[in-house]
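Working notes for the structure below.
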Amino acid sequence: MFGGVFGGGSQKPAGQMAPGGMGGGMGGGMGQAQMDPNAQLAAAEQEMEMVTDMFARLGDLCYRKCLIQRYSDEELTKAESVCTDRCVAKYFQVNREVSEKLAKLSQTN
């Protein structure tokens, strides 16, 4: 659903997330097919909370950084649009890199 942001760009069935994707970070390597339904629901709720929180932080950060606070036009200016695009891309890049580093650290421990 989120393409390269969370799952490495591939559409995989549940329990087969790409390495470094958000779906596999908290499960300790256990596939969802091995979890009981209550644990699957709890994991899905936790992931939904994480995604919702991330989008809220992303929206707030890029809004404060890129959008002019006086609304003279109903459309984004070119500068606002470019800034927002770059802000979102950088946010996701950093998020992916941090997730990958944390996954590597958790594998070594």
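Glycine is treated like the rest: Cβ placed from N, Cα and C.
TrEMBL lists 1-10 (among others) with the feature compositional bias 'Gly residues'.
According to TrEMBL, the compositional bias 'Gly residues' annotation covers 18-31 (among others).
Sequence annotations record features per position, and here TrEMBL assigns compositional bias 'Low complexity' to 32-41.
Annotation comment: TrEMBL describes 42-103 as domain 'Tim10-like'.
For 1-41, the entry in TrEMBL reads region 'Disordered'.
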Helix-strand-coil residue split for the domain 'Tim10-like' (42-103), DSSP-based: 51 helix, 0 strand, 11 coil
Average pLDDT across the domain 'Tim10-like' (42-103), rounded to a whole number: 92
